[in-house]
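The structure that follows is given in the form of C-alpha cells.
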C-alpha cells in the first residue's frame, strides 16, 4: 500500500456525521473501555480495580476485533485477561488487599497527577485529532489480522526480534524465580 | 473507520494510565496503570497497522512483542512487589523512599548512612511478621 | 436475513447443548460413581434410575435462600458465578461437532479463542474466593490462581503442538487435517492437554483448591442456592468443553466410519468416553498435594509438552 | 674597666639576671633567689662606682650606631651626668632593697621566679632609661617598664581587683604613651636626631619649630607614666600589686621616669611658656587633689599612693618653674623615704592582717609589736611632711625656694604666674601632707582596742631593709644639699639649701597640718571608742606576708563596701574634710568621669563594631553561605525518593515539550 492510495482513500471518506455500524460499535465499546479504565485508576477498592481492568482489557480486545486484528484480540484475552490480571489479583491477595475501600489508595500526588494527565490528554487528543481527522481506515478488503497473516509476517520478517524476545522472557523467568526465592539459605526447602 | 477514533481512544487510555501511575499508592495498582498505558500503545499500533496495510505487519508484530514484554514485566514486577511487601510490610510506593535525601544534618555528610536503613524504623519488624504470616 | 436466522439458530443450538450436556454428564457421574463404588446412586427422581435427579437438584437449589455474607464484597460475590460459567458457554460456540460447518461459529483462530476464553473462567473462582471474606475461600482462590498459572502453560503448549501439526488455528481446520496416526503422534500432547485441562477445572485428582477436608469447599464455601448451582454447572460445562476440545484436537473429532453423515455422533461419543474417563479418574485417584500439583505441572507436563512440540516439529518437517 | 663599660653593665646585669631567672625558674628553682638579688645588688654597686667615678665631672657620652636607619639615626648612646648617675644609684638601692625584701615577703609564692625576673627586668629598663642618651632607646626602656608594671600589678591575677588594676595601669599609661611617641617623633624630626644632647642643642639654638606641640605631647606621656593629673588614676589602683612592687614603682622607677625625662629635656619645655603653664597647672591640681584624696583613704597603701602623686606633683612643679635640680633632689629624697614607707606599710599590713586604717585604729599594740616599722615609718612620714632636719625638708624646701624664685620673676623663661601657682599649691599641699602623714601614723600605730592578733615575727630581711632605707631618709638631704649643685652641673653659688622665708612657711604649714590632724584625731577618739569596727584579720600566724596582703586587698571592698574608703565616723580625715570626704575618697570621681567620657563611648563603639561585624558583615558572609544552602535544601527537597513525584515531573516536562513542539510546528 503506497501513500498515494492511502491519500486517495482518505480523500473520499465519509464524514463524521454519517458513521458506519462498525464505527458506532467502536465508539460505544471505546467509551465502555475508557470508563472501565478510569474506574481502574480511581476506585478505592483494590480488587475492583483489577476487575475493572479486566473489563477495559476485554473492551480493547473487542476493539482489536473491530479493527480486524483477530489474532491480536485473542492473544490479548489469553495473555492479559487470562494471565496478567490473574497474576495481578494473585499479587493483590498476597499483599492482603482488603475488602471495601482503602482510604489510602491514592497518594498525595493525586492533583499533580490529574494536572499532568489532563494536560497530556488535551495535548495528545488535540494533536491526534489535528493530524488524523481526515484519515480513513479501509476495513474492507483482505483481513489484516488473521493468524495466518500475522504468523507469516512474524516468522518471516520478525524472527530475530522474536528470538530476542524469547531470550528476554527466559531472563524474566529466571529473574522472577531468583527474586522470589527465599534468600535465607537452602535449609528451608519451600 | 476514521483513524481518529482509535487514536483518540488510545490517547485517552494512555493518559488514564499516566494518571494511575502518578496517583496510585499501591504498587500493584501502579502496575495495572502501566498495563493500561501499554494497551493504549498497542491499540495505536494495531490501528495504524490496519490503516497503513503494512505488508510486514510491523504494528501487529510489535503489539505481540509488547504483550509479551508486558507479561514478563508483570511477572518480574509482581515478584519485586511481593519481595518488598515481604520485607517492608507495605507496598505503598510513597513509603518506599529510602533513596530520598534524608532531612536534617545526617544528609550533610558525604556518605549516605541513612540509605541503607529502613525509614520507618519500627515498621520493619511488623513487616517481617506480616511477611512470615504471608509466607 | 438468512444469515441472521442461521446465526440465531446456531446460538440456540449451542445454548441447548450447554444446558443439556452438563446435566447429562452430572447425572452420569452420579450413576457411574455409584456403580463403581458398589451402590446404586439416584434412583427415584423421575422414575427411571433417577434420571431427573439433577433437575430436582436444580429446583432445590433455586428454592434455597441466596445468602451473601455480611462482610463480603457484594457485587463481586454475586458476579463471580456468571464469570465462572459464561466462558464455557462461549467456548462451546467454537467447538465443531460435525463436518461442513456443524459448529456454532467457525473462527479463524478458534483454538486461540477457546484457550483464551477458558482462561477467563478462573477469574470467577478468584472473584468468588476473594469476595467471600473468608480465609478458606481466599486460600482456595489463591490455590486456584496458582494452579491455573501452572497448568495454562502445558495446556497451551500441547494445543500448539496440534496447531503445528495441522498448520492452522481453526478448530474445524484441525479436525479436517486429522489423520488416524495423529493420535499416536500427539499422544503425549493429548495426555498433557487432558491432564492440564482437568487441573484447570479443579477436578479430582487436581481438586486441591476445593479440598473439602482442608478448606471446606475453597472459593465456593460461602455460596448457597442458585449461585452455588451455577458453579457446579460451570464445572460440568467445563468437563464437556474439555472433553470436546480433547476430542477435536487429539481424537479426530468427527472422524470415523461414515463421518460424512454421522460425524457429529462420533464427536459426541468420543466426548462422552472422555467424560467417563474424567469421572473414572475422580473415583480412582487420590487428591494431589499442593506441592505435588505444582511439581507435576512444572517438572513433568511442561517438559513433556515441549518434547511433544519438538517431536511435532521434526515430524512435520520430515513429512512435508 | 672604662666608665662606659661599667655604666653599660649597670642595666645589663639585671637584664641578664631577669633572663636567667625567667629561663631557669622552673628547672632550677634554687638559682632563682640568687639570680634575683645578686645581679641587682651588683648593679647597685656598679651604679655607685659609676657615680663615684663620674662625680662632678663633665658629662660622659658614648654612642654606638648599630645600623643606619633611613632618616633620623638611632644610636645606642650612653649619657652620664650628675642626674643620671645619682638616679641610677637610687634605682639600684631601691631595687636591691625591694629584691631583698621580696625574699621574705613572697617567700612561698609559687610565681616568685617570674615575679623576681620581672622586677629585675623592670630595674634594668629603668636603668636603661636613666643612662641612655638616645630618645629611641629611652622609649624601649619606657615601654618595657609599662609591660612589666602590667605583669607586676597583676601578680595576684586570681583576684578581680588585681586584674582590673593591671589592665587599667596598662591602658592609662598607654593612653599617655601614644601622644608621647608622636611627640618623640616630632622632636626627632624637628631636631634631626634622637640623641638627647642633639635635641638639647637644637632647643638651645631655637631650632625646634613646634616646641609647644612637642612639649604638650611629651607631657601627656609624662602625665601617664608619672601619674600626674589627669592620668594619675591608675596609680592608686596599682596598689593591688604586692607591696614591694608598689615600692619599686613609686619610689624609683616608673613614676620617676616621667620626671626624669622632663628634667633631661627641660630646655625643650622652657622653650614654650604654654607648656610650662600647663605643667604648672597640672602639678598644682595634682598636688592639692592628691593631698585631699590621701586624707580620705582608708587603705594604707592608697594613702601612700596619693602621697606619691602629690610628691610627684612637687617635682613637676619644680620642673614647671624651670629648676630641675630641685626636682631631681626631691626625686632622690622622695625615692628613699617613699620606698621605706611602702616597705614599712608591707610590714604593718602583715602584722595587722589588714590594710585598712579604720581597722588598725581599733587595734592596740601594733606599734609595740613592730617597733622597726614604727620608728622607720615615723621618720619617713616626718620626712614626707618635710619636718626638719629630715631629707624631705631639704628637698621640698628646694622646690619651694625655686617656686618662690620664679614667682618673683627671677627665673628665665618662666612666667611669674607659673611660679605663684606652684608656690601656693605647694604650700597648701604642705599643710595637707602634714595632716595625712599624721593621720596615717596615728591611725596605724596609735590605735586602741583589742590586741593585734599575732602574725608571727617579722622576717629579718624585711626589717633590715627598713633600717637601711631609714639612713638616706634621715640624712640624705642634710648631708648633700651643699654638694648636689656641683653634681648637677649648675653654678655653685646657686645652691639648693634652705632659705628662711620658705623654710619657715613650709615647716610652719606642715606643723599646722600635723597639729590639726592630731587635734582631729584626739577629737574623734571618743567616736572611735564608741564605734568598734571589727578588724578583719585575714590570715593566721606565720602566713606569707604577700598572701595576707593579697587577701586584705581582695576583701577590702567586700568588708567596707569600697576599695578606697571605709564608713568610719571616727576617721579624723572625715572630720577634717567634711563634705569633701566622700568625693576625695573616690579620687574626686575622676574614674566615673572617665567612665562616662571614655569607657562608655569606647564600649559603645565596640558594640557598634560588633554590630557591624555580626549583623552587617556577617550577614553577607552568612548570605554567601546560606544561599547555596537554601538552594541545596530546595534541590534536596526535590529528592523525595518518591518515584511518582519524579515521574510526574518527567511527564509534565514531556507534555510541555510536546506542546512547544506542536505549537512551534
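Cβ atoms here come from the backbone N, Cα and C positions, even for glycine.
What TrEMBL says about a protein is an automatic prediction, not a curated fact.
Since the structure is predicted, the reported quantities are computational estimates derived from the model, not experimental observations.
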When TrEMBL marks a stretch as transmembrane segment, which of D:41-61, D:62-82, D:83-103 is it?
D:83-103
Of D:16-38, D:499-521, which span is tagged transmembrane segment by TrEMBL?
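Based on what TrEMBL states, transmembrane segment spans D:499-521.
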If you count every Cβ pair below 8 Å, which range out of D:208-224, D:245-263, D:327-352, D:373-394, D:414-438 shares the most with the transmembrane segment (D:269-296)?
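Most Cβ pairs under 8 Å with the transmembrane segment (D:269-296) come from D:414-438.
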Against the transmembrane segment (D:115-133), which of these stretches has the most C-beta pairs under 8 Å: D:169-188, D:208-224, D:245-263, D:373-394?
D:245-263
Counting by DSSP, what is the helix, strand and coil composition of the domain 'NADH-Ubiquinone oxidoreductase (complex I) chain 5 N-terminal' (D:68-115)?
28 helix, 5 strand, 15 coil
When each of D:208-224, D:373-394, D:414-438, D:499-521 is checked against the transmembrane segment (D:169-188) for Cβ pairs under 8 Å, which one has the most?
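Answer, by Cβ pair count: D:208-224.
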As a test: from D:208-224, D:327-352, D:373-394, D:499-521, pick the stretch that has the greatest number of Cβ pairs under 8 Å with the transmembrane segment (D:414-438).
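Looking only at D:208-224, D:327-352, D:373-394, D:499-521, the most contacts with the transmembrane segment (D:414-438) come from D:499-521.
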Is the transmembrane segment (D:373-394) packed against any residues at least 6 beyond its ends, judged by a Cβ distance under 8 Å, and which are they?
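Cβ under 8 Å, 6 or more out: 307, 311, 329, 333-334, 336-338, 340-341, 344-345, 347-348, 351, 367, 430, 433-434, 437-438, 440-441, 444-445, 458, 463, 466-467, 469-470, 472-478, 481, 496-498, 503, 506-507, 510-511, 513-514.
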